[in-house]
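The annotation active site, proton acceptor is assigned in Swiss-Prot to Glu91. Annotation source Swiss-Prot lists domain 'Radical SAM core' at 94-320. The annotation disulfide bond is assigned in Swiss-Prot to Cys101-Cys325 on the grounds of similarity to another entry. Swiss-Prot lists Cys108, Cys112, Cys115 with the feature [4Fe-4S] cluster binding site. Residues or ranges marked as S-adenosyl-L-methionine binding site in Swiss-Prot: Gly153, Glu154, Ser183, Ser206, Leu207, His208, Asn282. Residues annotated as active site, S-methylcysteine intermediate in Swiss-Prot: Cys325.
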Amino acid sequence: MRIPDFQQRLADIGAKPRHIGRMTRAWLKGLPLDVGRRQQQAEDFLPLSVREGLPALSLEIDALARLRSEHPAADGSARLLVELGDGQMVESVLLPRDGLCVSSQVGCAVGCVFCMTGKSGLLRQLGSAEIVAQVALARRFRPVKKVVFMGMGEPAHNLDNVLEAIDLLGTEGGIGHKNLVFSTVGDLRVFERLPQQRVKPALALSLHSTDGALRQALLPRAPQIAPEELVELGETYARATGFPIQYQWTLLKGINDNQEEMDGILRLLKGKYAVMNLIPYNSLEDDAYQRPEGERIVQIVRYLHSRGVLTKVRNSAGQDIDGGCGQLRARAEHVLGRRRPR
C-alpha cells in the first residue's frame, strides 16, 4: 500500500481533508486513528460514516507492519522482526538516542559481499505506507526523532515509495529533514530526484573503496560509477542542502584498511563537506571476512582526522542481536519455511 492509497481509503469512508490530515498525523505517532485531543471523543470531530468505517480500515492499516518478535541488545537498541500484510518479513532496528533504521525492500538486489540482506536477492518492494508503518510501529515503543533508510534493501531501487515516505515523515511526521538519512550505493537517479524534493534528506553514500575495481567487486551489482564521480555528485548535493555527506566504509581486514586506501580517502574527501563513517565489519554466518584489530582502527581514524577528514567509527548498534550494519536479513525465512507445510 502507498500513502495516497491510505488517504483515499479515508476519503472513501467520508473523511474530509481536515479529517484525513488529523488521522494521518495520529497514525504517524503510533496512535489509534480516531484519537482526539484531551477529553475529546471521536464523535466530537469525526463524521458518523468515518467512525463506522474506521474499525475495518484500522485493522488493514495495523496489518501493514505487525511486530513478530523483538530482540533487545545490550547497547539499548532493539531489532524488530516485522511482518507485512502478505506474510513477508523485514527488519527494523530501534537505535539509541531516538533513532530508527527502516527497511525499504524485502531482500536486496545489490548483493554487497559483506552484507547478509542480499543473500536471497530481491523478493519485493515495500509500498510507502509499509515504510511509514515501521515508524508508526516503533513509536509505540519509544520516541523516534531520526529515521535512517539503511535497513533491508537499496532505497534507490524503490525510489518513488521511499521519497513518498520521506516527504510525509518530514512534513506531518515531525522529523527534521537532516534527521532523515537516505542511504545508497550511488544510483544516479538519486542525484536527479533528491534535489527536486520538498523534503531533502541527508545523504549517505556507500564508498567502501577508492579503487574502482575493488569497489565493484565488493558491490557487484551497484552502478558502475567511479569513486571520484560519486564524491563529486555527493559534494554538489551537500552544498545544495547544507547537510554533509556521510560516506560509509565497511572496514575489512586486509582488503580496504591499507595505507593506499587511506591516502585515497584523503585524495577524495579532503576539503569536502563530508563525514567518513568507518564501520568495522560485523560478523556474519560462514565468514570470509574479518574486521581489523582495534589498534589498526584507531590508527586509521587518527591518520584521516589529523589530515583534515572528519572521521568517526560507527560501531553498529545491535551487533549482539544481529542488528548491526550488514547483518539484517529476514529471520522470516525460517518462520515462513515452517508455515508452508500447513
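Using the three backbone atoms N, Cα and C, a Cβ is placed for every residue, glycine included.
Locations of recorded Swiss-Prot features on the structure.
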| residue | record | Cβ contacts under 8 Å, 6 or more apart |
| --- | --- | --- |
| Cys101 | disulfide bond | Ser92, Val93, Leu95, Val147, Val148, Met150, Gly151 |
| Gly153 | S-adenosyl-L-methionine binding site | Ser103, Ser104, Gln105, Val106, Gly107, Cys108, Thr117, Leu122, Leu126 |
| Ser183 | S-adenosyl-L-methionine binding site | Val148, Phe149, Met150, Pro155, Leu203, Ala204, Leu205, Ser206, Gln248 |
| Leu207 | S-adenosyl-L-methionine binding site | Arg215, Pro227, Leu230, Val231, Tyr247, Gln248, Trp249 |
| His208 | S-adenosyl-L-methionine binding site | Arg215, Leu218, Leu219, Gln248, Trp249, Thr250, Asn256 |
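Distance noted between the C-alpha atoms of Glu154 (S-adenosyl-L-methionine binding site) and Cys112 ([4Fe-4S] cluster binding site) is 11 Å. A distance of 13 Å separates the Cα atom of Cys112 ([4Fe-4S] cluster binding site) from that of Asn282 (S-adenosyl-L-methionine binding site).
In this structure, the C-alpha atom of Asn282 (S-adenosyl-L-methionine binding site) lies 9 angstrom from that of Cys115 ([4Fe-4S] cluster binding site). Cα of Cys115 ([4Fe-4S] cluster binding site) to Cα of Glu91 (active site, proton acceptor): a distance of 14 Å. Around Ser206 (S-adenosyl-L-methionine binding site), a 10 Å sphere centred on its CB holds 24 further CB atoms from the protein chains shown. Among the residues Gly153, Glu154, Ser183, Ser206, Leu207, His208, Asn282 said to bind S-adenosyl-L-methionine, no two Cα atoms are farther apart than 19 Å. Taking the domain 'Radical SAM core' (94-320) as a whole, pLDDT averages 94 in the prediction.
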